[in-house]
Amino acid sequence: MTDAADPLAREIRGPSPQQMLKSRALSHKGLIFGMSVVVLLVLVALLAPVLAPHDPYEQSLMTRMVPPVFMGGTWEHPLGTDHLGRDYLSRLIYGARVSLMIGAIAALISGVIGTAMGVAAGYFGGKVDAFVMFLINVRLAMPVVLVALAVVAILGGSLTVVICVLGLLLWDRFAVVMRASTLQISRRDYIAAAQVIGASTPRILLTEIMPNVVNNLIVIVTLEMAHAILLEAALSFLGLGVQPPTPSWGLMVSEGKNMMLFEPWLVLIPGVVLFVLVLAINLMGDGLRDVTAPEGRS
Amino acid sequence: MLTFILKRLGLALLVAFTVSFISFSLLFLSGDPAAALAGETASGEDVEALRRLYGFDRPMLVQYGEWLFSALRGDFGESYYFKLPVASLIADRLQITMTLGVCGIVFALVTAVPLGVVAAIRPNSLIDRVALFLSVAGQAMPSFWFGLILIVVFAIQLGWLPPSGAASWKHFIMPTIVLGYYAMPAIMRLTRAGMLDVLNSDFIRTARAKGAGETRVLFKHALRNAIIPVVSLAAVQMGFMLGGSIVVESVFALHGAGYLAWESIARNDLPTVQALILVFSMFYIVFTFIADVLNAWLDPRMRSA
């Protein structure tokens, strides 16, 4: 095992898989861009109390709808104020918390449900597989926006309800992808070998299957997180998601809609931020797929 | 082929049955629909009277059975808010939603398929990169926001199109674009991947070797095969789109079935919401069934699945 120090041996063997992964990641522009934006916005969300110039809930009837700096406003309110005189930049910063939290937790819940279903279907096959496929079909037939709106309306719009509803609705892609990946892996010889030496089923699932499907899982987590963020914004925009005065970007677009004719920036700014966040998460997901599975690149 | 259709039909019916049960029971989530209907200020007697009137005092399964049997006959009860039969209410509004859905999918197909074909003929060219960028950006754009921006630019600033309503074909232009762009990325990617795959296959080389013209090779031989999965994707997307029309219709104040859904959810109109969830699910189930049958007909290899 001394050949690691031998430059000749290293040259023959070439770079290690980790080194190749790292160099592929660093040369992938979409991944770098997406990841930087996501990290930046996560930091903004975490540091919201430090970064926000004002209290996002503080109303001021004297300074309503002050335009942003680039439209003739002052630095007191860099992005202006809304119809209740609340500082727009501060609301945007706190809104990042709402979006990221909903996206992350909803993706986590649906990820656990979907992965359990998909891995079970792929590994056990037969009746389990048929049942899971049936559940996926049922889930896909339900109109997501409509069902989510109806449930939120019945249970009341709070952050917890929105997160749970989205988490319980968005597991379909996890199940489909995890089923396909598991199916592929469970036909390999080393799974048969593990079965032959008497490894228990949970052990095979956790130590043989999971490590080999986790790359695909991470990609779906990012894509579903983006999906959940967009859905939350749409629900809040329709007035049946996160309720005022909580700063949600979708809600901000909805509140600005009535003043859209005279103050288009009220709608423009939260929409652009939402677009950038979702774009960055999607680019990160696509990038991760390219980097971790270069052979599957199209 | 017949066995395949029968099997697939059985599955569709089973899914439809399950969905009907879920959409019915969803509205019992609140615990007491009568109390929700009566509102917070109602007295105990009022709630009790409503419970009797609508039959909420009976076991849920009995209510479900009754609801399902009337639904099968096309009777979804009466809307609490509009005081009209739900079935005729939805039938009236579906026309707008169907028009929008068909326009949306046609828009998505006529823009995404050519883009995908050109991107596949010249991989990594400028057009390919632009198409890829459009598909990534399209997926990230919130549709309600895209709709509002179109209204600001084309209705308010330029004054070319009416901002809302459904009076003429002009009213449908912006909603069509907003509904259709969402399906574009998936259709484009699938067309591109399918074309790339087909163009590398042996029979294309044979066709070229025989001296067939490039246009003939591309359209007669390649596109014909690459388009098969796109057909079924389009049918599935159409089902999704009808469900997604709720956002678009509320942005453009188009009084279709999606708008009706939003109105009735906001007004606690349970029978209408139940019926709409079921109707939108049925569309999806019918469209995916058609897609699978079409696929099996176009590509016999699919029939074993």
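The chain as shown is numbered from 1 upward.
Every residue gets a Cβ built from N, Cα and C, even glycine.
Caution: TrEMBL annotation is automatic and unverified by curators.
As annotated by TrEMBL, transmembrane segment applies to A:30-52 (among others).
As annotated by TrEMBL, domain 'ABC transmembrane type-1' applies to A:96-285.
If you look up TrEMBL, you'll see A:98-124 (among others) marked as transmembrane segment.
The feature transmembrane segment is assigned by TrEMBL to A:144-171 (among others). If you look at the transmembrane segment (A:144-171), the same-chain residues 6 or more away from its ends with a CB under 8 A from one of its CBs are 98, 101-102, 105-111, 113-114, 117, 224, 227-228, 231-232, 234-235, 238, 240-243, 246.
Annotated transmembrane segment per TrEMBL: A:213-242 (among others), in sequence order.
Residues 33-38, 41, 65, 67-68, 71, 79-80, 82-83, 88, 92, 95-96, 99-100, 103, 222-223, 225-226, 229-230, 233, 249-250, 252-253, 255-256 of the same chain lie 6 or more positions beyond the ends of the transmembrane segment (A:262-281) yet place their CB under 8 Å from a CB of it. TrEMBL lists A:262-281 (among others) with the feature transmembrane segment.
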Open item on the list: Checking distant contacts: for the transmembrane segment (A:213-242), what same-chain residues at least six beyond its ends satisfy Cβ-Cβ under 8 A?
Closed with: 98-100, 102-104, 106-108, 110-111, 114-115, 119, 144-145, 148-149, 152-153, 157-159, 162, 166-167, 170, 173-174, 177-178, 181-182, 185, 248-251, 253-254, 274, 277-278, 281-282, 284-286, 288-289, 292-293
